[in-house]
Amino acid sequence: MKRTVSAVFLFAILSAILLWPALAAPDGMMLAGYDLRRYFYFIYRFWNEAIGRREFPWWNPYLFNGIPFAANPKSGVWYPLNWILAAGPVPRAFAIYIWFHLVIAMTGMYRLLKLNLKTSGLPAAAGGVLFGLSGFFGAKIFIGGLDMIAAASYIPWVFGAWWPFLTGTGSIRRRQLMYPVIVTVVQFVSGYQTISLFTWMSLVLASLVVAAARRTVKPLIRIVLGLAATAGFLGFTLLPNREYLILSLRSRDMSYERSAQGALTPELLAELVRPDAFGGPAGNTGPMQFFWERAGYIGVIGLVLAVTTFLITLLPARLVGSVRLFRESGNRLPVLIFSLTAVLAVWISLGPNAPVDMFEVFYRINPVYRGIRIPARHMVLFTFSASALAGLLLSRIRRKGIVLCILILATLELLPAGRKYVELAPTPAAKADRELVSLLVSDPGVNRLMVNYPHVSYPTDSLDTNQVLEFQIRSTNGYETGQLRAIYELAEILNGNPVTGNESDAQVPVIERPDLPFSNVLGGTYVLVDASDDPVTRSGVSGYIPLTDRTDRPYRLYRNPAAAPRHYLVTESDNVQSSEVFTAAVRDPAFSLGDKVIGYPDALPPLETTGFCNPYGRVETLSSTLNSVTVAVDTGCPAYLVSTETMYPGWRAWIDGTEIPVYSANGAFRTIIIPPGSSIVRFEFFPRSFVGGSMLTVLTLVVLILLPGNTGNLRTVRNRL
């Protein structure tokens, strides 16, 4: 126990040294990672608002005309550490969060080597240092991939938790199964589920190796049953995730050519020896654009140790044991497992640049892979496996002094290399254009802001596409690869483009045709554009009122008086039966917002009218929370109450306490039928998929509880049921 505490203390110190510039950053500064400053910073600001409201964030009303939050796999709402981060001072909390997960990663590798693979303390500590200070984590710190860091930190924990279940010969036991299931669930909900998939793949590979070595299929059956139990336990999040992904851009299969972008090339393998061989953080010059996706560096020392482990395993055990430096070791199975995992990781990462394209094989046979891009992301498995191999070799060295010297040298090699990835930049709040923000938040008549420029353009320095979360401004856009497909497709139709979006598109396309009247259904009262690429001026649209046109600003701000309010009344509908007819309606220059609503994708029932009625109408938003809206409506005729907020399964509506149907009209927006007279309408969002998923979780938990505690088999479980 004392050695474990000492190892964790060492890991904490080394992680703090690596991250010290960020941990001690002055006010107004934070880690410079792009995703950190463009995405996670604002997501956690939104969480902070939810905590202040004491409201669970099922829905995000600010981005993309409204979008699910909890169902988004990247949100990580079911990971407890994310709530702690969201409740703290966000800029410095990011550095603490990364520090903590580096310690988790190192400790997990230490436990895997020491407890599962029976190495001594120093070799296990060396494996932990190689993994936690590796180029993989350094590169993810550089880009700001919090979710990737969190998920990767649990790889050795998951592998170690399943190891007894993988190599054991007894029956299925509750105590043996509950721990790995829980650890795997924690990794899955921590954020980046692709790394969970990679981890599960490595476990299946390990089970195949053990099964072949022992000439029995039991290890494979155990792993498959265990992962099935994990999937059932994850029902509370898997079902909402599945529903969300089906309705998002990620449901579109990418072409193989696009998926394979970001594959390693043979020359990039030089970065396993020199992480800056092609520039690194100082300026990438390699053949692959995103260097932070390919980092597999564990130091020259670590790489030599890993390769040597595999090579000496090929030699007879007695021959190796005869060398005074090494102990004899008869268990070659772990070395074979980690060696094959490392080789497979590099092989898949090479994609089409390998002699046999294993990435394409997985793409063709596994539907999940059709939503995965950048093959080089598999290098996380190389980093993990190579670190474990290095620890296994050190465990065979007889003299502790030599092991200690190697540990020190490896640390001295990795720390300076890792420090190059730790850069600081001003917080987004420090860069925001306060004059612009003040104008946007002070106008009570604003419905939504149409952020009509790419997230990589200069105006983002004045107001980032996701910064509306910080100031609680509702927007038609955002920065999120999992945006809902309906809004994206509507923008493409307005632009006259073929609908080809997929999961790599992180925002709604710039609306190039604001002159088309249907663009007003998005509700962009204010329109913010890039001054150097202004679609408002280019399209010649009339009626837009310029509010700012200063040459010292990279943006222009317009007010669009014709934009739809948050909710409005319409007395006519036009149901269309196909996407082609809907496209024609969207691009119709004669479309009038107040005249009719387009019944698409849902057909709208006709209004029931009895003779003449006075077609006056008044709509007022009484209250609004993250997950609900209350509206007062007064109308002389039956009418459609049309919203500029997206429809999604789980939205329900009540008129004066009586539930009514909610439809999706105008391509994406919530619409209901209002009777004549005065009414109070309440919209509420709660995903029913969460209820179904939670039932699956409870059922799985019951089955796990019914498993025998100490002995038994599946027949015993059946009898208990």
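Here the Cβ of each residue, glycine as well, is placed from N, Cα and C on the backbone.
Note: TrEMBL annotation is automatic and uncurated.
Taken straight from TrEMBL:
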- 125-143: transmembrane segment (TRANSMEM)
- 198-213: transmembrane segment (TRANSMEM)
- 220-239: transmembrane segment (TRANSMEM)
- 297-321: transmembrane segment (TRANSMEM)
- 333-354: transmembrane segment (TRANSMEM)
- 374-394: transmembrane segment (TRANSMEM)
- 401-418: transmembrane segment (TRANSMEM)
- 685-707: transmembrane segment (TRANSMEM)
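Each of 220-239, 374-394, 401-418 was scored by its Cβ pairs under 8 Å to the transmembrane segment (125-143), and the highest score goes to 374-394.
Sequence-distant residue pairs (6 or more apart) of the transmembrane segment (220-239) and the transmembrane segment (401-418) include fewer than 3 whose Cβ atoms are under 8 Å, leaving the two stretches without contact. Panel annotation: around the transmembrane segment (685-707), residues 58-59, 68, 70-71, 172-174, 177-178, 181, 229, 232-240, 242-243, 627-628, 648-652, 717, 720-721 of the same chain, lying at least six beyond its termini, place a Cβ under 8 Å from a Cβ of the stretch. Sequence-distant contacts of the transmembrane segment (333-354) (same chain, six or more residues past either end, CB-CB distance under 8 Å): 117, 167, 202, 205-206, 209-210, 213, 260, 262-266, 269, 294, 296, 306, 309-310, 313, 360, 362, 375-382, 384-386, 388-389, 392.
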